[in-house]
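Q: Relevant sequence annotations retrieved from Swiss-Prot are reproduced here:
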- 3-120: domain 'MTTase N-terminal' (DOMAIN)
- C12, C49, C83: [4Fe-4S] cluster 1 binding site (BINDING)
- 143-375: domain 'Radical SAM core' (DOMAIN)
- C157, C161, C164: [4Fe-4S] cluster 2 binding site (BINDING)
- 378-441: domain 'TRAM' (DOMAIN)
Amino acid sequence: MTQKLHIKTWGCQMNEYDSSKMADLLLNTHGLELTDVPEEADVLLLNTCSIREKAQEKVFHQLGRWKELKKQNPSLVIGVGGCVASQEGEHIRSRAPYVDIVFGPQTLHRLPEMINQIRGGKSAVVDVSFPEIEKFDRLPEPRAEGPTAFVSIMEGCNKYCSFCVVPYTRGEEVSRPVDDVLFEIAQLAEQGVREVNLLGQNVNAYRGPTHDGGICSFAELLRLVASIDGIDRLRFTTSHPIEFTDDIIDVYADTPELVSFLHLPVQSGSDRVLNLMKRNHTALEYKSIIRKLKKVRPNIQISSDFIVGFPGETDQDFEDTMNLIAQVNFDMSFSFIYSARPGTPAADMPDDVTEEEKKQRLYLLQQRINNQAAQFSRAMLGTEQRVLVEGPSKKDIMELTGRTETNRIVNFAGTPNMIGKFVDIKITDVYTNSLRGEVVRTEDEMGLRIVQSPQVVINRTRKEDELGVGHYQG
């Protein structure tokens, strides 16, 4: 009888990526098939996030539900991973002793051995260590699910912003070797992936080792990925302004596959608050990056992260943030009310902004950005937009849906052979959360750039050393 795996994932795209790798890994090693129904599962995994308020309590609340399943099925294996697991470690088992496995983001590749230990009679396994890049060497080959894919290029962060737990939960910055990244992306391209989103807590800090002992910069990696035939749309997230260097901006000038959309977190428009946050840049320096980008990509659209109500934030500080939002003209944002994260420097600061003030500021900020986004959408009316077709529309199964390079959903009448390909759409209607249009050009008529086939990259990168690690032979 086939055994089942259920994974519940909270948090960022990196967590989503990690969960997909866990599923592939345990399918390969234990034949565990994914199920959406926890009651059917033989293994339950909770991949946690510690960014939001009361993250720990949310974890234990979920585990309380799973406790009942464990009572009904004592052989059920329960594991907790992700950033809360990394933070809490053994404490998770002291509050929830029915949890069998606690693992961190850097030890998920050891799950097969951990499960075997539990099934072999061991009472519990806790491993929240930071074995650097080892996990990528032990994960299965990538498996495409549709025309878009996420690829992790690095882990961790060295910036130690005063409000952030990432350096403590995912460790310091470690970059994957460039050959490993290219090999994974070429394999995905062979399976029909057309858009790749490069992932990391701070992707523009990427410094990947090369086969000859050199270092590949993030700008160089972008060009290498874009040169793989089939990868005709390239994104990355998330970046830090202090490492958004001119060589990255140059890639926007000469690499058409890199989308005209950038997520660049700023958090605040007040230099005083930015200093308290230990962001190590000013609002003016942030605007300088945007100005340089718009010089080479006039139509580029920018999204960002904002924290409102940071300790000590005054009305003037918030007004500075609102001014920055207007000046940059952000298209979208991920914006949140500040809440202290245990163990961070900001947690020791007096949280002196009232809850009512925080809510009001968040409302005003989101309203401003939503209005700006609506203006961008209305400006698309009558224009042609290149869309990557993802599949049937959720609104009408007789239609297709896809996304523009600025991540707007477009619904249109099309044929099944368009799925997984690009089409140019003339926008005829603009709605609150989507666009509608008509096909004016199919992929065969576009003349997309061809540099090197995925198979060429695969053949070139499948040079393994004595540890079984491939090396890019450029």
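Any Cβ shown, glycine's included, is placed from N, Cα and C.
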Q: Determine which residues of this chain, when C12, C49, C83 are set aside, have a Cβ within 8 Å of the centroid of the [4Fe-4S] cluster 1 site's Cβ atoms, and list them as they appear in the sequence.
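A: Result: W10, G11, M14, N15, T48, S50, I51, G82, T169.
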Q: Other than C157, C161, C164 themselves, what residues in this chain have Cβ atoms within 8 Å of the centroid of the [4Fe-4S] cluster 2 site's Cβ atoms?
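A: Neighbours within 8 Å of the Cβ centroid, excluding C157, C161, C164: K159, Y160, F163, V165, V166, P167, Q201.
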Q: Give the number of CB atoms, excluding that of C12 ([4Fe-4S] cluster 1 binding site) itself, located within 10 Å of its CB.
A: 19
Q: For the binding-site residues listed here (C49, C83, C157, C161), tell me which residue's CB has the most neighbouring CB atoms inside 10 Å.
A: C83
Q: To the nearest whole angstrom, state the Cα distance for the pair C157 ([4Fe-4S] cluster 2 binding site) and C49 ([4Fe-4S] cluster 1 binding site).
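A: With distance taken Cα to Cα, C49 ([4Fe-4S] cluster 1 binding site) is 16 Å from C157 ([4Fe-4S] cluster 2 binding site).
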Q: Within 10 Å of the Cβ of C164 ([4Fe-4S] cluster 2 binding site), how many other Cβ atoms can be counted across all chains shown?
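A: Its Cβ has 22 other Cβ atoms within 10 Å.
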Q: Count up the helix, strand and coil residues in the domain 'TRAM' (378-441) according to DSSP, in that order.
A: 5 helix, 33 strand, 26 coil
Q: Taking the Cα atoms as reference points, how far is C12 ([4Fe-4S] cluster 1 binding site) from C164 ([4Fe-4S] cluster 2 binding site) in Å?
A: 14
Q: In whole Å, how far does the CA atom of C161 ([4Fe-4S] cluster 2 binding site) lie from that of C83 ([4Fe-4S] cluster 1 binding site)?
A: 16
Q: For the domain 'MTTase N-terminal' (3-120), what does DSSP give as the number of helix, strand and coil residues?
A: 64 helix, 22 strand, 32 coil
Q: How far is it from C164 ([4Fe-4S] cluster 2 binding site) to C49 ([4Fe-4S] cluster 1 binding site), counting Cα to Cα, in Å?
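A: The Cα atom of C164 ([4Fe-4S] cluster 2 binding site) is 12 Å away from the Cα atom of C49 ([4Fe-4S] cluster 1 binding site).
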